[in-house]
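TrEMBL annotations:
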DOMAIN    332-396  domain 'SAM'
DOMAIN    403-476  domain 'U-box'
REPEAT    50-91  repeat 'WD'
REPEAT    93-134  repeat 'WD'
REPEAT    146-167  repeat 'WD'
REPEAT    235-276  repeat 'WD'
REPEAT    277-311  repeat 'WD'
Amino acid sequence: MATLIHTLADHSNDVNYCAFSSSCLATCSLDKTIRVYSLNNFTELPYSPLKGHTYAVHCCCFSPSGHVLASCSTDGTTMVWNTHDGRMLAVLEQPSGSPVRVCRFSPESTYLVSGAADGSVVLWNMQSLKLYRSGNVKDGSLVACAFSPNGNFFVTGSSCGDLTIWDDKMRCLYNEKAHDLGVTCCDISSQLISDGEHGFRYFQMASCGQDNQIKLWLILFADFLGVELKYKCTLNGHSAPVLACAFSYDGQMLVSGSVDKCVIIYETSTGNTLHTLSQHTRYVTTCAFAPCSPLLATGSMDKTVNIWQFDLKQPCAGNTVENESKVAVEDWSEDDVSAWLCAQDLADFVGLFKMNNIDGKELLNLTKESLTNELKIESLGLRSKVLQKIEELRMKMISVSVTIPDEFLCPITRELMKDPVIAADGYSYEKEAMENWISNKRQSSPMTNLPLHSLMLTPNRTLKMAISRWLETQQK
């Protein structure tokens, strides 16, 4: 269930892009500014808006750690900003001076890619903030880019409809005509797809275009095979050009935004439509899932950014740490580990841990030797930080041996209920959470999605007494 929880309306012109870090949301606009908001309460940070570009800002993105923000503009530059204080760290000028349409950090923050209207692609070294390599797509403007989770390659999309795969040395590895009328956006999922028959693992990619379509692809990247791009399927639903697409952090959902003013959320594994959101009044130009909380942001030419919250059944990136007492660490999935890394300010390692299939049991067994020899983490300081966080997790496991009964948890917040009420669907919820649900004009059950025949909420005194008795036993 997706619920609209906030609308940002600070930009004075079209919103072109939005991007999340673990703690912030950045948006950019035709009004030449970048605005940065805290995810705690969606208030704008003191140094926002960021001003420096002389023309429209087309794209913005955070480094994996969230410490750096990049933005690119029609003015032919990509600017790099410090997210702690808003200081401008560098102005990277596209060699051709062409308008820069897209920018992306590599998973290890080693490189930053900028792509321009003349088809030029530049790979910037983020340590020296100097040009490392450059190239050109064979035709059209470069408008889309996405890195693989392991950083071995990245994909660009052009206005002539091509998807091009490059390695980290800027060598063109593969080219595919994907959308007849032009690519508008692409994204690569952090979730790998296994091929049981041949033993291969694929990266899953989505692309969208002016042809009203979203296409799913499988990318095989292997030293002995080179690169193989396989078409998987087409997702339909939009009635006009699709301008944006993005995977959720766990790869289970894909969101798209379109000229038809709609946002559609698909289940990646089946291609089924989960939600259609139609609150924007003009073209939807951008959409992004948060890495560390069940949030979705959608931006539009109506000058607004809508923030949506998901009521997820499984622990998500934002609540995994809160649920450590409810889900044993040794039972964590790879996605739970990724969420934990993000919450510990170790987001740079998500791709590496994913590639090595580190789940909860593997996480607890990591040692200095395995971090060095198997995961190839060269920095002593980073190895020490990872080991320290794992040790803290082990200590917490020892101290936390109590599991809260599931019936004491509100289905909406997944937190222990203080004032439980019974709704017309027969389920019990935290009173404030259910009142907020109803006040947002939701007249369906959070559990069944069926209409509520009554909005009356009845205090569940029996459940409240049971929770009180349980709490007393835990304090003894």
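Cβ atoms are placed via backbone N, Cα and C, with glycine included.
Annotations in TrEMBL come from automatic prediction, not curation.
For the repeat 'WD' (146-167), the residues of the chain that approach it from at least six positions outside its boundaries are 104-108, 110, 113, 115, 119, 121, 135, 137-140, 173-188, 190, 192, 203, 205, 207, 209, 217, 219, 221, 227, 229, 350-352, 354-355, judged by C-beta separation under 8 angstroms. Look at the repeat 'WD' (277-311): DSSP puts its residues at 0 helix, 19 strand, 16 coil. Averaged across the domain 'SAM' (332-396), the predicted model reaches a pLDDT of 83.
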